[in-house]
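Student: Encoded as structure tokens, here's the structure I'll be asking about.
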Ligand SMILES: NC(=O)c1ccc[n+]([C@@H]2O[C@H](COP(=O)([O-])OP(=O)(O)OC[C@H]3O[C@@H](n4cnc5c(N)ncnc54)[C@H](O)[C@@H]3O)[C@@H](O)[C@H]2O)c1
């Protein structure tokens, strides 16, 4: 049995993750963590009344004995401290929270190396998003003019999405940085052309009703290609999280991207 702590369990993704962990025959829910929690034990919540799982509200209060894997769906402000704490205590982090900066990822990689602890940061656990990123990287070799549109629910804190940024980084590995659009273009409204990542424009849409969606648009002389993925329900991320949990304790470094474990 893999013993799991779910950080951010009061949130949308954390709640879905708790249910996945409880339903998985190989996983045991060892603890949950969320500063928003009022309970001391998860059995104070009606739907979990038959369980006995400690609830933590502060990082320093967490007892690390009996925890193998730390699943994190929290916030861009919390994720770095959480991931560092897990690695320092030799708990393998499986990080779904987006918004980590490149320097923070580099520091976490060092801590993982020092403690010889495996971990994963996955901007997207959905298989359709992982495939979209791979297909987009392949297409960019032939169609180097690309714009990305990501669409999310209006409670999302970070922009652009981790998936959009990761898509742009993967594309940047295979194409020359170059300016796109008319060199003389102007913005009548600032931001109209979107964020700029090495010449690629990224547009972030936030609307109620959406979950997580992304389109990568390629244009060439006389032709265009659009690759699109849609996550309609948070359960779509759970098979990827489960795979990561199953495989992560065999690793001894911090990996970025679910494709590294598939
Ligand atoms: N990787 C993926 O596949 C994937 C998919 C969906 C969402 N996400 C990301 O997951 C994160 C959470 O999304 P959500 O929609 O569940 O958000 P949410 O706001 O519903 O939930 C976040 C929860 O984290 C809690 N929290 C805040 N600080 C914390 C801390 N220090 N420690 C523990 N918990 C803390 C909050 O109280 C809240 O309950 C976001 O960064 C989102 O972009 C990733």
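Glycine residues also receive a Cβ, built from the backbone N, Cα and C atoms like all the rest.
What TrEMBL lists as domain 'Dihydrodipicolinate reductase N-terminal' is 2-125. The NAD(+) binding site annotation in TrEMBL covers 8, 9, 10, 11, 12, 13, 34, 96, 97, 98, 122, 123, 124, 125. As annotated by TrEMBL, NADP(+) binding site applies to 36. Residues annotated as domain 'Dihydrodipicolinate reductase C-terminal' in TrEMBL: 129-262. Annotated active site, proton donor/acceptor per TrEMBL: 152, in sequence order. Residues annotated as (S)-2,3,4,5-tetrahydrodipicolinate binding site in TrEMBL: 153, 162, 163. The active site, proton donor annotation in TrEMBL covers 156.
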Student: Residue counts in helix (H, G, I), strand (E, B) and coil for the domain 'Dihydrodipicolinate reductase C-terminal' (129-262), per DSSP?
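Tutor: Its residues fall into 42 helix, 38 strand, 54 coil.
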Student: Where the criterion is a Cβ under 6 Å from an atom of ligand 1, which of the recorded positions 152, 153, 163 meet it?
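Tutor: The qualifying recorded positions: none of them.
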Student: Cα-Cα, whole number of Å: residue 163 ((S)-2,3,4,5-tetrahydrodipicolinate binding site) versus residue 124 (NAD(+) binding site)?
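Tutor: A Cα-Cα distance of 6 Å.
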Student: Which chain neighbours of the (S)-2,3,4,5-tetrahydrodipicolinate site, leaving out 153, 162, 163, have a Cβ atom within 8 Å of the mean position of the site's Cβ atoms?
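Tutor: Once 153, 162, 163 are set aside, the remaining close residues are 98, 123, 124, 150, 152, 156, 158, 161, 164, 212, 214.
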Student: Reported as an integer number of Å, what is the Cα distance between residue 156 (active site, proton donor) and residue 162 ((S)-2,3,4,5-tetrahydrodipicolinate binding site)?
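Tutor: Spelling it out, the Cα of residue 156 (active site, proton donor) and the Cα of residue 162 ((S)-2,3,4,5-tetrahydrodipicolinate binding site) are 11 Å apart.
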Student: In the domain 'Dihydrodipicolinate reductase N-terminal' (2-125), how many residues does DSSP put in helix, strand and coil?
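Tutor: Going through the domain 'Dihydrodipicolinate reductase N-terminal' (2-125) residue by residue, I get 45 helix, 28 strand, 51 coil.
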Student: Return only the integer: C-alpha distance in Å from the residue listed as 'NADP(+) binding site' to residue 153 ((S)-2,3,4,5-tetrahydrodipicolinate binding site).
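Tutor: Roughly 21 Å, rounded to the nearest whole number.
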Student: Cα-Cα, whole number of Å: residue 122 (NAD(+) binding site) versus residue 162 ((S)-2,3,4,5-tetrahydrodipicolinate binding site)?
Tutor: 9
Student: Could you say which of the binding-site residues 8, 162 has its Cβ with the most other Cβ atoms inside 10 Å?
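Tutor: For the binding-site residues 8, 162, the Cβ with the most other Cβ atoms within 10 Å is 8.
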Student: Can you tell which of the recorded positions (10, 36, 122, 156, 163) has the fewest other C-beta atoms within 10 angstroms of its C-beta?
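Tutor: Each of the recorded positions 10, 36, 122, 156, 163 was scored; lowest Cβ tally within 10 Å is 36.
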Student: Can you tell which of the recorded positions 152, 153, 162 lies nearest to residue 97 (NAD(+) binding site) in space, using Cα positions?
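Tutor: The answer is 162.
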Student: What same-chain residues, at least 6 away in sequence, bring their CB to under 8 Å of the CB of residue 124 (NAD(+) binding site)?
Tutor: 130, 133, 162, 163, 166, 212, 231, 237, 240, 258
Student: In Å, how long is the longest CA to CA span across 8, 9, 10, 11, 12, 13, 34, 96, 97, 98, 122, 123, 124, 125, which the record gives as the NAD(+) binders?
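Tutor: Taking every pair among 8, 9, 10, 11, 12, 13, 34, 96, 97, 98, 122, 123, 124, 125, the longest Cα gap is 21 Å.
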